[in-house]
């Protein structure tokens, strides 16, 4: 009965609609085949493409829950890819697992440092999140270019390739990583009190302070988590293309991530958040991208088509809009009194 | 001068209901041309609601508004303005970067063929200011003038809209003494031009200086309309906070068991904060209820916030159990067993988007840190226990707190702190704006807590309440702690009101 009131009803409905649409335009859309013990198919493709967005979206959700925003995630992706590729390229044996793991660890450590920087600016200095993270959004790409020397760094490393293009138990490793991070984030927020305190701080900072919550550390923490998530996404991206491209990596992903968070039912004003909603939002966005291709919408119209779907979805989700549409169906007699 | 045929605006039987609260019930307000009319009442009495009704911000649920004898109903603020009702708010809302003339005539610039006639505009602005006896450079940006002058410019703007009624909402709160006098001159001048002025202020001396008449509200109902000359400050205070003097019953006093005067739990020595409260000295013992009495703006809340570390003290010392304590954050005070429930329960108390369960465990969880969560089972137990004990309705721990009534939100807030088992509980206006039943329950709860050994600092605008509950009463006036009284049989509301009204030569 109240199924349509569930906060994920609308994104889920649009998701199903897109899948159905795909059946008419692309043959074998739902077919999943096995090659060399790996699963292949359109659905698997969507999941693989959504993996980086899910990772970035998870971090973004926690930041937005505190009432903040992180614009630097795309640049952090570029930095993490650049550093790991550089280090792997310098290894004597790029196929050595230990060396690759070391490179990944250093890259993620740098991302953690970048998150500390963002969190410091926001929670200690008190700069508005949008401005504070804009600094790293611009500077981060510069840093990535500095690391790669302005070149596109190609790497050939079998172990590194596993992250973005490998398979484990027939499933893409990138998807497994994204799902694992989402689950860890879910456990972290729901099994500890982190989720409750973040919602409280985002929902009412003044009340939270008087309840004894020390928001500074929490706010700092979410920017660190967001940067590490973006760092992992950057590794997946660069591993998949076997190179570090400082300009293309994570370009404009911050906007898609914010969109995924909003589609998932987390308000940009902070407060209540939904990680599962963000994951659904990320999958929905990638499904939309795939649908645009399979339906055969001309390339020049794809952005417009995407915009239309997003607008419809957001309106459907808005309680105020739904109420207005419903009210129009049941006419109300205007009872305006005349001012004398 | 003030015969009833001078009445510009009559509001009768005004009723305004918000979900869960009756904000105004049967309130009358009659404004006469050429009079300054003070609107008096404590926080939550309904002053601002009444003003919002008057200026068309709120629609009414009952009653009549008549302008010059004709019934009207304002569709919005613009309609009220066009009908000649102008408002100048506490914060000056003008554009500081525009010139004085532009500010005065914004939206009504004299035009010819779509172009602004700057000369005519400056002339008109100068005329209007001259009417207020002001001579300013109207081409200078507004920001070059003091706040007081900016306020006058706002008034000039309001007057230009052919104002029949001018509402001044707390206009003096950011002005110094000489600026206040200047404002009063302007008010008298406008009054002589036949404008009906509504003056809202919590400074009693100012009201007595400038107002001809006053309407007093309490808890959303009308206490009455009085001529200033016929209502001494003492009786005004009585009207604002409690019953008529004649009918003030000898209140039944709860605090029977005397408090063990061992070492005080908390001592403040010359504790103070610039702009908040002047240095005060105060001690609270275990099991003792200390009441804070005083009018709105007298420093009640400011004092309470210092003791909890919600604001930082910049003078004096604080001791807990005889040991020095410095509270830089609320958390520091919490760790010493102090709890504080704010008077602004919606903005500084409950978190509306969280459930009842999450709200009641919030303080406990905050003190444990995020890594040591209160288990779901424990949270359920606590929520159930306090929903039952405080009779929170609806009795549903999953309900979002924003959907609860004011009284139930207050109980959720109290429950949040009781769960932390504080030794000193500072409660600021716990009974404001909630219905009578819930009020009595909360009062009983506070008395029981003190019997159980908890120290309570009880802040309330309602004198009856303070008298009924407190062992000791601290009286504040104009941001100073002026008197401390043991609550013996000899102490009654009259005695306290004398101090509040400043009539006592102590």
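Sequential numbering from 1, following the chain as shown.
Placed from the backbone N, Cα and C atoms, the Cβ positions cover glycine too.
Straight from TrEMBL, the features:
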type	residues	note
TRANSMEM	A:7-26	transmembrane segment
TRANSMEM	A:46-64	transmembrane segment
TRANSMEM	A:97-117	transmembrane segment
TRANSMEM	A:129-147	transmembrane segment
TRANSMEM	A:167-188	transmembrane segment
TRANSMEM	A:218-237	transmembrane segment
TRANSMEM	A:249-268	transmembrane segment
TRANSMEM	A:275-297	transmembrane segment
TRANSMEM	A:303-321	transmembrane segment
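In this chain, the transmembrane segment (A:167-188) lies out of contact with the transmembrane segment (A:249-268); the count of Cβ pairs under 8 Å, excluding pairs fewer than 6 apart in sequence, is fewer than 3. Contact between the transmembrane segment (A:218-237) and the transmembrane segment (A:167-188) holds: at least three of their C-beta pairs are under 8 Å, each pair 6 or more apart in sequence.
Note: the stretches the transmembrane segment (A:7-26) and the transmembrane segment (A:275-297) are in contact (3+ CB pairs below 8 A, sequence gap of 6 or more).
When Cβ distances are compared across the two stretches, the transmembrane segment (A:167-188) makes no contact with the transmembrane segment (A:303-321), since fewer than 3 pairs at least 6 residues apart fall below 8 angstroms. Sequence-remote contacts of a segment are chain residues at least 6 beyond its ends whose Cβ falls under 8 Å from one of its Cβ atoms, and for the transmembrane segment (A:129-147) they are 63, 67-72, 74-76, 78-79, 81-83, 86, 114, 117-118, 121-122, 223, 244, 246-247, 249, 254. Counting residues 6+ beyond its ends, the transmembrane segment (A:275-297) has Cβ neighbours under 8 Å at 7-8, 11-12, 14-15, 18-19, 21-22, 25-26, 29, 42, 45-47, 49-50, 53-54, 57-58, 60-61, 182, 185-186, 189, 256-257, 259-266, 305-306, 309 in the same chain.
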